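To start, the structure itself, in structure tokens.
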Amino acid sequence: MQQVIDLRSDTVTKPTGAMWQAMHKAPVGDDVFGEDPGLNKLEERVAALFGMEAGVFVPSGTMGNQIGLKVLTQPADEVVIDENAHIFNSEGAAGGLISGIQLRPLPGTRGILNAEQVASAIRSKNDWDPRTTVIALENTANMGGGTCYPVETIREIYKLARSNDLALHMDGARIWNAAVACGLDLKEYGRYCDTLSVCFSKGLGAPVGSMILGSSKLMKHARRYRKLLGGGMRQAGMLAAAADHALDEHIDRLADDHRRARLLAEALAESPFFSVNPDHVETNILLFRVRNGDTDHALNWFSQHGIAMIPFGPGIIRATFHLHISDKELDKTINTARNYTGS
Ligand SMILES: Cc1ncc(COP(=O)(O)O)c(C=O)c1O
């Protein structure tokens, strides 16, 4: 049977043979008792990679983000965020439920905010104003099309945060892609974040796992909230082994995903039926427009040729590159796009 070329998301990857082997050999212990040797090491390793004090392994990016917001806020606080952010659109309004916070969505440029607009959203201190306490940035910005925060912008927003006594949370589900695309050391991100949530289960190709990072003091609270949210796991060392393997083997190769996304964008830009600016493709996520708006027809065309993509708003389709997409799959996708004759 022909394998589907699955470009719906980078979350669809399955462990490679080498990753399964690493998982199979993992030593395990009860992590709620702090006794899983692999997880303890992974938390130290990832905190060191970002130059942060501590990390807490969590089952998902959503839990990482929500714990980050929980430890930085009090009920009735307000968090400034881009209107396309995952936290705002795809976490079931969990911030309201778990932390009692309000989100203040701003229209960024393809998911990226600038310091000026963030400054204008900081509330004054009247009794009737919500209290702005956190700025949340998503890097890379998924719904923005995998866009990266320029480090200067992060620095400016950080300075603004510090001068207004605000904290900075970064949703770094795909921070690895950002670091590779921008040629930056991961510490360049860690130094500006009070809390940073990262995922091993997206472009890095691990089956499960994320981490929330921050100061030792904040992470002590984070560990408690992880437990009360039901995220305390027991012998989860095999997940640490998968993440470790991904960190060793799957970071540098992200540049190939980025190159392939850009090549598909260039091919789509030549078609009269699609539109995309290849210069907007910075990492592994490609958003393109179907000129006549008929995404169903275009998705169906790709699907009939064994290629899965997903609709991503009116007239827009998302294609995401990852571990299981080689140049061969890319070539087939490009040819299929070139042969599209519209609806
Ligand atoms: C930017 C971003 N943040 C957070 C998440 C949440 O990750 P999870 O699905 O592991 O909860 C996702 C999921 O795709 C994401 O794209």
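Positions of Cβ are set from backbone N, Cα and C atoms, glycine also.
Curation does not apply to TrEMBL; its annotations are automatic.
Database features, via TrEMBL:
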- 6-288: domain 'Aromatic amino acid beta-eliminating lyase/threonine aldolase' (DOMAIN)
- LYS202: N6-(pyridoxal phosphate)lysine (MOD_RES)
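Confidence over the domain 'Aromatic amino acid beta-eliminating lyase/threonine aldolase' (6-288), given as mean pLDDT on the 0 to 100 scale, stands at 98. Counting only same-chain residues six or more apart in sequence, the Cβ atoms lying under 8 angstroms from the Cβ of the residue listed as 'N6-(pyridoxal phosphate)lysine' belong to ASP10, THR11, GLY61, ALA173, ARG174.
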